[in-house]
Amino acid sequence: MCGIVAATAERDVVPILIAGLKALEYRGYDSAGLSVLADGALARARTVGKVRELEARLDSEPLHGSSGIAHTRWATHGVPSERNAHPHTSVGSVSVVHNGIIENHEALREQLRASGYEFTSDTDTEVIAHLVHHIAKEGANFRDAVAQAIARLEGAFAIAVMSSDAPGTIVGARRGSPLVVGIGIGEHFLGSDVQALIKVTNRFVYLDEGDLVEITRTSMQVFDADGAAVQRRTHQSELSADAVERGEYRHYMLKEIFEQPRAIAETLEGRIAGHRILPNIFGVGALELLPRVRHVQIVACGTSYHAGLVAKYWLEALAGLPCSIEVASEYRYRKVVVPRDSLFVAISQSGETADTLAALREGKRLGYLGSFAICNVPESSLVRESDLVLMTRAGPEIGVASTKAFTTQLSALALLVLELARLNGLDADRCARFVDDLESLPRRVAAALELEPAIATLAERFVAKHHTLFLGRGVNFPVALEGALKLKEISYIHAEAYPAGELKHGPLALVDEDMPVITVAPNNALLEKLKSNIEEVRARGGELFVFADTSVEIPANGERGAVIKVDAGSDLIAPAVFTVPLQLLAYHVAVLRGTDVDQPRNLAKSVTVE
Ligand code: G6P
């Protein structure tokens with residue numbers, strides 16, 4: 001999704017802006033651009049496609065300047081094109097980059113047209129540039145003009161604005177979309193996230209909702225939603241620039257798949273001791289709050305939603321607590337009845353997903369017992385706005401298709417579920433066995449990764465396919481959903497997941513020699529039921545690929561499929577273990593099909609607009 005970088009310094013900021021845009025590439029985008037102030041005038045370069053196209057343009061038509069704003073655009077209003085790429089300017093003197101959606105842009109456009117402004121793009125963003133210009137023309141200074149302009153905007157956004165009338169000054173603002181301030185030595189920056197700026201500073205100020213910030217080379221001043229000057233704390237980021245490098249791997253996604261044993265181990269680190277979950281790991285207030293929980297409401301999007309679905313099975317089976325789960329975009333817009341003593345759990349890798357954040361805010365309004373975030377980004381809005389937090393420690397995830405975030409979310413959720421299970425009477429021995437199981441997860445995931453060469457070979461059988469069906473039962477049904485999501489996201493093969501028991505109610509009609517069926521077969525109480533479903537596929541001549549626990553005997557389907565053995569373990573850890581070969585399969589199919597694995601078409605890593 002759109003990314004913002006801005007810098008004001010003594011040196012030429014163009015290399016900083018380009019490096020920042022590259023660090024934001026992972027969010028997904030379709031065009032890029034920048035504006036700098038050079039010799040008192042604004043100069044702009046914009047290109048469709050990757051940041052390297054912008055670089056190439058700058059090689060042939062160089063720009064330099066000591067202050068500038070830059071952007072990667074993910075189209076919402078207007079097709080991806082150079083004229084719609086940001087920055088957008090007004091009368092050559094105001095330049096704006098914007099992340100989010102201005103909902104009242106049509107009304108503003110009409111008013112500004114009536115005032116004589118000409119529009120050169122189809123975007124909602126351009127109204128901001130003209131509005132700032134219009135207000136400044138009436139006599140407001142630059143910062144006030146931006147403040148007055150945003151007061152007239154409806155919707156969610158983060159912006160960075162510069163003006164040739166205020167050389168060296170950049171004004172940023174956030175309402176609903178993330179924006180951080182980077183503090184350098186004699187220079188200041190703005191970025192959509194810490195990663196965009198980590199090469200130039202490790203000191204950051206996280207803006208609050210509604211904040212406006214004015215930066216110059218030597219100063220930074222934040223104003224809150226009421227326009228009052230405020231102090232926001234400076235944080236030292238622990239992110240290292242190396243953590244966002246691809247290293248020897250061909251793609252970030254592959255690197256991140258292979259990082260899973262370590263990421264899971266780190267997520268569990270210091271949170272388990274003596275076969276028990278340590279009681280103080282859920283933060284201040286948890287000891288008092290968690291024992292009161294009688295119901296859990298989970299809200300999330302995409303892969304994080306799949307992690308939540310797994311947790312629902314666990315919560316009801318192990319803790320005996322009723323659990324509801326819903327995708328955030330649905331939850332936030334319907335009339336919700338909140339059961340008594342319900343805990344609101346939001347799961348998000350980025351902590352900036354617009355729908356998940358809106359659902360959290362709605363949940364707080366509705367009066368849950370408390371809010372609990374499972375998140376991978378410590379500085380994110382979700383973390384800052386939740387009562388209790390359990391961080392996944394996956395490290396930066398760059399590939400748009402989520403991998404290590406998912407398995408670390410499962411690990412964190414397992415910790416929460418086991419604690420709630422203990423509080424609700426799960427006996428100590430069973431609890432200890434589950435905790436031991438959980439500790440074996442990094443080792444089992446590492447073993448599953450050894451299947452990579454076999455899965456790379458298997459992938460060849462999917463390259464020419466147009467559709468795939470994934471089946472799972474019980475706690476592994478969400479695994480089927482996640483496997484299908486991975487395949488469709490990065491290989492563009494249509495993939496659907498069904499609970500295996502639903503096969504006869506429709507999808508079986510699709511099964512023929514051109515429709516491969518993939519299923520995971522754990523050694524649990526549902527195995528015999530699953531075997532019947534497998535026979536139903538076989539009997540229709542379907543091609544069948546089974547990822548089966550090592551202890552499960554399932555006959556191979558001759559030429560028409562394969563059985564791959566995985567040491568999956570109990571229902572508490574099998575979902576994470578089985579997910580690994582499905583990730584690898586999606587990855588290798590995508591590589592063979594030649595798609596853009598890390599930045600699949602049309603998708604964004606961090607969906608900061610609804
Ligand atoms: C986007 C990403 C997915 C992710 C989802 C939720 O769709 O492409 O990989 O699962 O957003 O993101 P979150 O950061 O809230 O987990």
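Using the three backbone atoms N, Cα and C, a Cβ is placed for every residue, glycine included.
Automated prediction, rather than curation, is the source of TrEMBL annotations.
Note on CYS2 (active site, nucleophile): other Cβ atoms within 10 Å of its Cβ, all shown chains, come to 28. Look at TrEMBL and you will find CYS2 tagged as active site, nucleophile.
Residues or ranges marked as active site, for Fru-6P isomerization activity by TrEMBL: LYS605. For LYS605 (active site, for Fru-6P isomerization activity), the count of additional Cβ atoms within 10 Å of its Cβ stands at 25 [all protein chains shown].
According to TrEMBL, the feature domain 'Glutamine amidotransferase type-2' maps to 2-218.
According to TrEMBL, the feature domain 'SIS' maps to 286-426 (among others).
Assigned with DSSP, the residues of the domain 'SIS' (458-600) fall into helix, strand and coil as follows: 63 helix, 29 strand, 51 coil. The annotation domain 'SIS' is assigned in TrEMBL to 458-600 (among others).
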### Task
Kindly report the helix/strand/coil residue split of the domain 'SIS' (286-426) according to DSSP, in that order.
67 helix, 28 strand, 46 coil
### Summary
Integer Å value for the Cα distance linking LYS605 (active site, for Fru-6P isomerization activity) with CYS2 (active site, nucleophile) is 10
